[in-house]
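One structure is given here, and the rest of the page talks about it.
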């Protein structure tokens, strides 16, 4: 497997702590984080990079778990020998966020107080809580410095929170397709996804059996998200107005190709994601505001003590470029070293997954400058 | 009621015809159109204007049905004495489209072959079929000429179809926030709305009882549409990130204001719209392509034999300005008289309902020029 990190294994770190959450509740003990690492830590422990994932991502960012895996990890284009996050040079860590369902403590985990799955007894968490949990892992791995924290979408929010919360640890942050606070449009879209699930009688207020999830509701909720990750241009390129070849155009249930694709994608999603985790993460996205618990955004951003590199995509209408630009403007006003690139891409919010070649050279140059500074 | 057309009544014209549809099926007999008229026809029968409505609109465009009505017709800002569609000068006709539920033949009507409501036996219709049915009404009213056909969104599609189908009848068309063909993004959004309804067990493949409609599904379907009619900017203005005062921020079911608003609006919609009609009209929107049954768009547009006046709105992401501009460019290439205005508005697709004052002076000038030409 050329340029691949090869076969990798998800590891688990379990902490005997009760993590204080922004809500005032405690999470744990135990608190488990699933994570993967790629590459080797150097002797000066100065080459660690934390990769943070988006809504439905997980710890498996690169390589394969078995040679037969159909697909590699979600950012395999970015991580590996000779790639921008070069495993010959860097030690890469990616951990599944709390609240998710990829091995870290989330609504499917056992609530130690009841010995039953949390389900809706899981506390509402914020992105800041995810980052606090990650800090436990980074400490556990003996990393007192991170060369960078890099991620797209919800991953960008985590990168930003790392800069604000742990300025003594991070030497740079790279938020891609991010935002300083979720807009009402993005919240409204998440509300549709939520309602699609709430409307499914199988959801049972979160008490569905794992083998009988609210499949229709989750598939529709995913489809809402999916549309917001794409763009008019990318859908035109991929589907245009083609009508499904097997349907009659005047059949009431006849589908356009775009429609069939969304349905197919939504149904695949059911097998790989837990419905309650999907809802908890949607909530965390909605609640995201870097100014949370600070007087304002300036006060939050003034804590950042490292260079930041921002990317936004021209066709991203979920977190449009303007939202990154607001943050960049504020950082400049605060005299923070900041670099921003608006990348011309037709692939909407998902551009960070689909066209990395458009921004990886800029990341390589940035990391090279950091390493020599 | 100053500047109002006052108390109006919906009228019904029933035709003993079987209308041939684009699908090859026949609709009728009988075929009924609900309509309202405002103002008086002049002796030369040269002052008639047809107003065409959007997805969930109806024949009631202006005035009130009773003095106690909470709201006037849907385009009351535009229609009345001294307004841009001046009832002191023009004879205004607005008819409910076929396939809808506002009195014209639609899925709630009685199928003459079974003596039971059509429900899903109603044929799939296209915007072109709606216009053919309107032509029956216009003939019935003795109007052999329309000064203009004007409408927004699906109304713009009808205006365009009038120009293409009946060049001998229309003296101008005014498509507002329209498109020459529905984009895959718009289709994808309609697919979400559809699926929201299909997922509701009360839908019963269209065989719900009128008193037990699939309320949850329809409310969610409407919310999908609603979001696409708004814009990031308008939601920021109206809601920002305000959290519902009565909910706790860390309640799993706590709502942002924007979320509560969408839910409230969706629930109100249930009482005024039939679910199957909503689905049939979504289908008609998806199928819309002015080039349908022509070799291409140029061939369709070459049939237009009158001036056209186009408006698009800067923040409309459902039918973005580019889609109107494509049509305007084609019309210019064909040497058709065409006027286009990109209106700067924060209210998204719904700007045609919310900020008419931004474009009505341009319509007045256009109509004045027409009347004297």
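Every residue gets a Cβ built from N, Cα and C, even glycine.
Fair warning: this is a prediction, and the values are worked out from it, not measured in the lab.
For reference, TrEMBL has these:
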type	residues	note
DOMAIN	B:49-356	domain 'AB hydrolase-1'
ACT_SITE	B:153	active site, nucleophile
BINDING	B:222, B:350	substrate binding site
ACT_SITE	B:316	active site
ACT_SITE	B:349	active site
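Sequence features annotated in TrEMBL and their locations in the structure.
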residue	record	DSSP class
B:153	active site, nucleophile	coil
B:222	substrate binding site	helix
B:316	active site	coil
B:349	active site	helix
Roughly how many Å separate the Cα of residue B:349 (active site) from that of residue B:316 (active site), to the nearest whole number?
4
How big is the gap, in Å, between the Cα of residue B:350 (substrate binding site) and that of residue B:316 (active site), rounded to a whole number?
8
Long-range Cβ environment of residue B:153 (active site, nucleophile), under 8 Å and at least 6 residues apart:
B:54, B:55, B:176, B:177, B:178, B:319, B:349, B:352
Cα separation, residue B:316 (active site) to residue B:222 (substrate binding site) (Å, whole number):
18
Quick one: mean pLDDT on the domain 'AB hydrolase-1' (B:49-356)?
96
Among the recorded positions B:316, B:350, point out the residue whose Cβ has the most other Cβ atoms within 10 Å, with all shown protein chains included in the count.
B:316
